[in-house]
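For reference, the structure is listed below as structure tokens.
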Amino acid sequence: MQSSQDLIAAIATPPGRGGVGIVRLSGPSLAEFAARLCGFRPRPRHAHLADFLDAQGNSIDQGLILYFPAPASYTGEDVLELQGHGGPVILDMLLQRVIALGARPARPGEFSERAFLNDKLDLAQAEAVADLIDAGSAEAARAATRSLSGEFSRAVHALVEQLIELRIFVEAAIDFPDEEIDFLSDERVERQLSEITEAFDQLMQRAEQGRVMREGLRLVLAGRPNAGKSSLLNRLAGHDAAIVTDIPGTTRDVLREYVHLDGLPLHLIDTAGLREGGDAVEQEGIRRAREAMETADCVLLVVDDQSPEDIAELRRDLPPQLPVIIAHNKIDLSGGTAGYRDDQGRRIGLSALTGEGIQALSERLKAVAGYRPAGEDVFMARRRHLDAIERARAHVDAGQAELIESRAGELLAEELRLAQQTLGEISGEFSSDDLLGRIFSSFCIGK
Ligand code: GDP
Ligand code: ZN
């Protein structure tokens, strides 16, 4: 789907100062464009040292110019890369110059959107580009690279192929009505259906790990003032992020911190001590604490192991649907046992001060998130992907039920078709402009 598009330009390197800064262009006839900017036509895929010239023919900056003619480029169109000095003013001058020569500023993600429209990337790969850039850990980066290379898309496609194969078989059976019964009672159909559902399960597992890795676990730290919430947060974060004092009620705001446990992003929400009364600032802190809890995945309730408060009473304040882990803190003072205190790991003895028992907590948190680190087969995936896999799977289940109930080949074939179409949403084969707009607009400019 080669499209004739206008010329877009953007500074592709991050804002601020750096050794090199890049202005990227994509659109038609960029060899001629380069000649107007630099005075010569660059050879494809060669690095030329060039002067980037202003309207009077004076040099704005000197740098490298790279020309990638269509279709062998990131976007599938002609692409020019101007590598100049990485200062915000000089790069802006260069951008203004290429705009004066006829380019327009690119929207966020517009380069990747063109790559998608020109079939250089499918939608899942384009999303992986953004996820790779946003990756907050080496594990997340590896998973994004895997998706970007097309591994995720290929696994989805293999499943689509299985669906198509079975649908062709079933439709052939329908076309020969006399033999329909025989065809469909053929155990081949049932065997293929069970192979397909197994493939769905595997795909789901790999993608779910990627989603967990991308979204992480939202963890609320709750408990009485001075129980050690801030200290525990600092211990998990590995640096002094929250204020730790021995004056009750010091942590007045909801403090958000973002750390990694073996590649699992933890969004820590430290709350004001859930204390009745207090001044206006404290009241506001309590209100925000309750709000943060509504969107969390898990609560970490911190109690002082020296004076185990009434845990049942503390739990009454917490949203009942959330799993709660109770951290019995300060075992260095209480002499209590470190690590799990029940089979489910819902009570853990630890010390934010000495670090004892922290490993058990970290294992427990990964388990709650459903995160298995070091999975070398994890795809970077989004909720949108998981949702499509789930809905496609539901169609297959429905088709299977129809077959068992009424031996109805038509209904099975239709459900298989719907399953196939639903999986097509992942690669962008079936996707609305709306969805595309939402995905690409969340990218950074110049990507
Ligand atoms: P918060 O109000 O729940 O956030 O509690 P803080 O983290 O501010 O800690 C209150 C006090 O307890 C501080 O003086 C901490 O140094 C101390 N504290 C926290 N955790 C431990 C621990 O595991 N052992 C000991 N001995 N003291 C701790
Ligand atoms: Zn605190």
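Note that the numbers count up from 1, one per residue, in the order the chain is shown.
Backbone N, Cα and C atoms are what each Cβ position is placed from, and that goes for glycine too.
Per TrEMBL, (6S)-5-formyl-5,6,7,8-tetrahydrofolate binding site is recorded for ARG24, GLU81, LYS120, LYS447. Positions annotated as domain 'TrmE-type G' by TrEMBL: 216-370. Under the heading K(+) binding site, TrEMBL lists ASN226, THR245, ILE247, THR250. Under the heading GTP binding site, TrEMBL lists 226-231, 245-251, 270-273. The Mg(2+) binding site annotation in TrEMBL covers SER230, THR251.
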LYS229 (GTP binding site) versus ARG24 ((6S)-5-formyl-5,6,7,8-tetrahydrofolate binding site) - Cα distance in angstrom: 47
Annotated binding-site residues ARG24, LYS120, ASN226, LYS229, SER230, LYS447, filtered by Cβ under 6 Å to ligand 2: LYS229, SER230
DSSP-derived class (H/G/I helix, E/B strand, else coil) of LYS229 (GTP binding site): helix
Rounded mean pLDDT for the residues that make up the domain 'TrmE-type G' (216-370): 78
Most distant Cα pair in Å, residues ARG24, GLU81, LYS120, LYS447 binding (6S)-5-formyl-5,6,7,8-tetrahydrofolate: 18
Densest Cβ neighbourhood among ASN226, SER230 (binding-site residues), 10 Å radius: SER230
Distance, LYS447 ((6S)-5-formyl-5,6,7,8-tetrahydrofolate binding site) to SER230 (Mg(2+) binding site) (CA atoms, angstrom): 38
Candidates near ligand 1 among the binding-site residues ARG24, LYS120, LYS447, judged by a Cβ under 6 angstroms: none
Where LYS447 ((6S)-5-formyl-5,6,7,8-tetrahydrofolate binding site) sits in the secondary structure, as DSSP reduces it to three classes: coil
Inter-residue Cα distance where the pair is LYS229 (GTP binding site) and LYS447 ((6S)-5-formyl-5,6,7,8-tetrahydrofolate binding site), in Å: 40
Cβ packing number for LYS447 ((6S)-5-formyl-5,6,7,8-tetrahydrofolate binding site), 10 Å threshold: 21
For GLU81 ((6S)-5-formyl-5,6,7,8-tetrahydrofolate binding site): DSSP state (helix, strand, coil): strand
